[in-house]
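Here is what Swiss-Prot records for this protein:
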TRANSMEM  33-53  transmembrane segment
TRANSMEM  77-98  transmembrane segment
BINDING   H83, H182  heme b b562 binding site
BINDING   H97, H196  heme b b566 binding site
TRANSMEM  113-133  transmembrane segment
TRANSMEM  178-198  transmembrane segment
BINDING   H201  ubiquinone binding site
TRANSMEM  226-246  transmembrane segment
TRANSMEM  288-308  transmembrane segment
TRANSMEM  320-340  transmembrane segment
TRANSMEM  347-367  transmembrane segment
Amino acid sequence: MTIMRKTHPLMKMVNHAFIDLPAPSNISGWWNFGSLLGVCLIIQILTGLFLSMHYTPDTMTAFSSVSHICRDVNYGWLIRYMHANGASLFFICLYLHIGRGIYYGSYMYKETWNIGIILLFLVMATAFMGYVLPWGQMSFWGATVITNLLSAIPYIGPSLVEWIWGGFSVDKATLNRFFAFHFILPFIIAAMAMVHLLFLHETGSNNPLGILSHSDKIPFHPYYSYKDLLGGVALLAFFFTIVLFFPDALGDPDNYTPANPLNTPPHIKPEWYFLFAYAILRSIPNKLGGVIALVLSILILALFPLLHTSNQRSLMFRPISQALFWLLVSDLLILTWIGGQPVEPPFIIIGQIASLLYFSIILLFLPIAGMIENKMLKW
């Protein structure tokens, strides 16, 4: 008798993706983040769904509806904090996942990598719009500042901003459409994640050595299914520690003040996971230049496959490139710190140097290091 999972049209798809999938025998814990991102997305969709049952996207009642969720709805406070901190967890996993991709040369699977970049943009857009919904001070002013950046686009800029706002300022129409987009985008992200997985399974997973593993494959289940399960348990333990003990550690106190268009907060800043890009934006003393640098800071990921000069795929045996990779990580941490600081000396110059270094490492130093390492292997 044939096994049902191998013949049933639906189960066959699941079987090929999660059960009988041939996987390299040596992939490490860094390969867990794909499944962890899936867990994060499910948490966000479920908590978001329950929040939307009680939330009202209206400037007059949005703030009080969030307050009502936290005070009056059964476990509303838990759902709200899970959703807010779930976003942070999502980005932690996302950045580690991208870092893994850069370190081990996974970007050489170009289709998978490019869909990953689109996914990153979608997740960033979703998170930004979600931050606007509680209609606190930082929600309102964050929305005003970030949407206003589009006015730097020549000719169509000002009209484009008013079109997005649905008026002459961030108001009821803006909040309403942001809620609509914030609700629909996670489902688009889920669909894109399926495409991401589809392209990955065309080639099979990369591995830490960056070499072909066709001769040494093991079935995904039970080996990696249990490994992913362990990762998920560890992730949830970390997640609930933050949610239950430090729920406001990653948020901004200004967002507990209702939005007031007549009172600007002293320091307008986005959530921590956007601070590196915000620092790059602010490091250029020109509006259009800053916006271009902001977009390029993420879009530069698309250049990784083109700038790969080494004969080896992974950084496993490339000490110069390894040093540059960790310099890049340190640089991003410095940019994150600078993004949360006021625009005054010495933070301005630190931000400018860190921004220049960020682009230099990716566009210049890493490709040169690859060529040097090729020469070293010949000697």
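Placement of Cβ uses the backbone N, Cα and C atoms for every residue, glycine included.
Note that the structure is predicted; figures quoted are calculated from it, not measured.
Mapped onto this structure are the features recorded in Swiss-Prot.
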residue: H83; record: heme b b562 binding site; contacts (Cβ under 8 Å, 6+ apart): Q44, T47, G48, L51
residue: H97; record: heme b b566 binding site; contacts (Cβ under 8 Å, 6+ apart): F33, G34, L37
residue: H182; record: heme b b562 binding site; contacts (Cβ under 8 Å, 6+ apart): G48, T126, M129, G130, L133
residue: H196; record: heme b b566 binding site; contacts (Cβ under 8 Å, 6+ apart): T112, I115, G116, L119
residue: H201; record: ubiquinone binding site; contacts (Cβ under 8 Å, 6+ apart): H16, A17, L21
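Against the transmembrane segment (178-198), stretch 113-133 shows more Cβ pairs under 8 Å than any other of 33-53, 77-98, 113-133, 288-308. With a cut-off of 8 Å between Cβ atoms, the residues of this chain six or more beyond the transmembrane segment (113-133) that come close are 48, 55, 57, 62, 66, 87, 90-91, 94, 98, 101, 106-107, 139-140, 142-143, 146, 170, 174-175, 178-179, 181-182, 185-186, 188-189, 192-193, 195-196, 199, 270-271, 273-274, 298-299, 301-302, 304-305.
Only residues 6 or more beyond the boundaries of the transmembrane segment (77-98), in the same chain, are considered here, and those with a CB under 8 A from a CB of the stretch are 30, 33-34, 36-37, 40-41, 43-44, 47-48, 50-51, 66, 69-71, 116, 120, 123, 127, 130, 235, 238-239, 242-243, 247, 250-251, 271-273, 301.
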